[in-house]
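Among the features that TrEMBL reports, transmembrane segment is placed at A:20-38, A:44-64, A:95-113, A:125-143, A:209-227, A:234-253, A:259-280, A:292-310, A:316-334. Look at TrEMBL and you will find A:180 tagged as FMN phosphoryl threonine.
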């Protein structure tokens, strides 16, 4: 009797890239739901547009490169990039904003570098940064969160806004959008208001901004589930949240009037989705256990710096990309001590 | 210095794998039938293969030496049963390469008559350790855990080393394999007796048996035997069942919290580690005079009708064992030698059981399916988390893929124990271990090539030096000749000239006769270049003759 041969190990495998991606997508659901609850249909449109554009772009480029299309589409990585980008765009952005972002993320940031596993930068964040640099105005089109008094546009209004770019009759874009707490706090802080004065505005909610704190809690929940599922390891989120917490605490203690509290920083903007879903993109992150901790901490500190002194309201995308650049170096200097090697042999 | 921990330490990485050992532990340990024809390979251990001392047609008895060991790291081979040597030649052997190697083929006479091996020892605990080692060596005992390192070598720590701890490895961690568990349950007396002999031979201060905690029966049986013997100096420590707890370095770490140095040996931290099967083999050799001619083999998997453990004579073809276990099921699709994590796939069942064969696993595609196609590495680092050697498997993979053999050694490729944990968890289904094996072979090949070219270079340099030396010697001879000429008084008259001519002629003649003595030997089989060179020399020589000649 003849048997086929191959190399060990032989046990059936349960792990799979698409399974991993699907779990990340599932974990995004609570955050995505809360985000759309507070910011309306625009979020859903963004997600639909970015995801379909990402999938189409992935298929088109793979076809051009002469690579098999089906397995790559089924691995879920392109869809996930689309989702992550979609979740970071303002809900009232015109339709071409998510299209350009997704195209750039997939075509340039991912496929031009060789496709899945070969991109040095986080594709979704490249897409985001291209947009925020090129179209700063369109990237501020956030509707006010539901329940803040001023109601955001409904389904048809949003549809009209997104696809024609024209605000509903009798209204201007300015009248239906609102700055996010991070943006607002930066402006106000620049006007020499104290944090207590800034936070007295109802749109700042309890600690992280009205609506935003719930969004962040939802992403935190999804992220913890992801960690329990062993789809991500704790190092990067812990490093990032820890870094952000420590640096914000230091400045808060030094001057609580001029600097936001650690709680504000942890629960506003894209902190939680950044910590659990964006910084943890394995392809572009550091990989050694110690390195992942440093990598996360670097992102946390950079986020604080950009938020506090930089030119953009939130700093997740820039912080992640900057640390992407540092990842190979971090990996090089944080090689774990091999079993049986003495400390002095370690560098 | 290694001391035992109260509570086992947890080594980095590893995997919880479903045990699947129960399949083969259903019945008592049975002796396997001796087949009509046995194929005994000369190489069944790490190190030098043995050298046959019998000839085709010889009659042999069970336990008779049929191949002697060559060198220190080597082990002799004995006849597994009585019969006639029908051939000594190349036959398929269990090796991942699937290649053949020299085997001694014995046609069993069915009588299984035993020879006196002379291994039996009285008063073993009063005897010299060197004597024990010699008998263990003569018995052909090698590590039965799978690697097959000659046991006598490991019983000799050398004068510079003190053995603080003797670790007995009963932590059989591969799924499916249960031969050690069967042995611990059925022959605890052999194991404990063997351990006592080893302890004596090594002057070991402490002894511990490490057993995975999912084998309560084995722990129980050994404990009962220890109680029966009132042996208090041998301890049994259950270690958490986590693959690869049976790896020597991992087991030692679990028991002592100490790491065997990378590229080092357990003895470097005062530990010697032996498998339970090896202990039992030593007891049988020393107490009963049986050389290593049989071992326990697990025959298991869903592809086998009646999985079980068998006491098998070395050289028994796997096909014969499968037959005794009810044959293959209809869906048997894969045949492995060893466990599913570190074993290797066999193309067919014609190969024989050797000293290191612990398990024959015939599986269906549900148990051991074909792997899904590999996709690109996404650097998820799950491999890093499970690596018991704390390596960076994904980095090793990149460098192996890029054939950067220098970088891959910087990343400690040679600390990889090929346990397969990384490949098992890889979501991209990359056959990581295969890449490491490839890289290791490439590096070994490179080293061999370098050694070869070094040798060639040294040979070439030696040749150039020799030629140079010969040339110098020739010149010196010439210079001497010239000098002796110059010393001759210059006399103006014709007589003197005549005598000078005569002397020169005589010298030439003498030289000619002298060279005719030597020439035939030196000028045999000359290459054309050499001939040209010699002609030139001859010409120069004749032109350098004294003026008047």
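Yeah, the Cβs are placed from backbone N, Cα and C, and that goes for glycine too.
Tallying C-beta pairs under 8 angstroms between the transmembrane segment (A:259-280) and each of A:44-64, A:95-113, A:125-143, A:234-253, A:292-310 places A:234-253 first.
When Cβ-Cβ distances below 8 Å are used as the criterion, the transmembrane segment (A:44-64) is approached by residues 32, 36, 72-73, 78-79, 81-83, 85-87, 89, 91, 93, 95, 98-99, 101-103, 105-107, 110-111, 115, 158-159, 162 of the same chain, each at least six residues removed from its ends. Listed in sequence order, A:142, A:209, A:212, A:268, A:269, A:313, A:314 are the same-chain residues at least 6 apart in sequence whose CB falls under 8 Å from the CB of residue A:180 (FMN phosphoryl threonine).
Stretch with the most C-beta contacts under 8 angstroms to the transmembrane segment (A:234-253), considering only A:20-38, A:125-143, A:209-227, A:292-310: A:292-310.
Highest Cβ contact count with the transmembrane segment (A:125-143) among the listed stretches A:20-38, A:209-227, A:292-310, A:316-334 falls to A:316-334 (criterion: pairs under 8 Å). Packing against the transmembrane segment (A:316-334) from elsewhere in the chain are residues 88, 120-122, 125-126, 128-129, 132, 269-271, 273-274, 278-279, 284-291, 294-295, 298-300, 302-303, 306, 310, 347: each is 6 or more residues past its ends and has a CB under 8 Å from a CB in it. With a cut-off of 8 Å between Cβ atoms, the residues of this chain six or more beyond the transmembrane segment (A:292-310) that come close are 182, 186, 233, 235-248, 251, 259-260, 265, 269, 271, 274-275, 279, 285-286, 316, 318-320, 322-323, 326-327, 330, 334.
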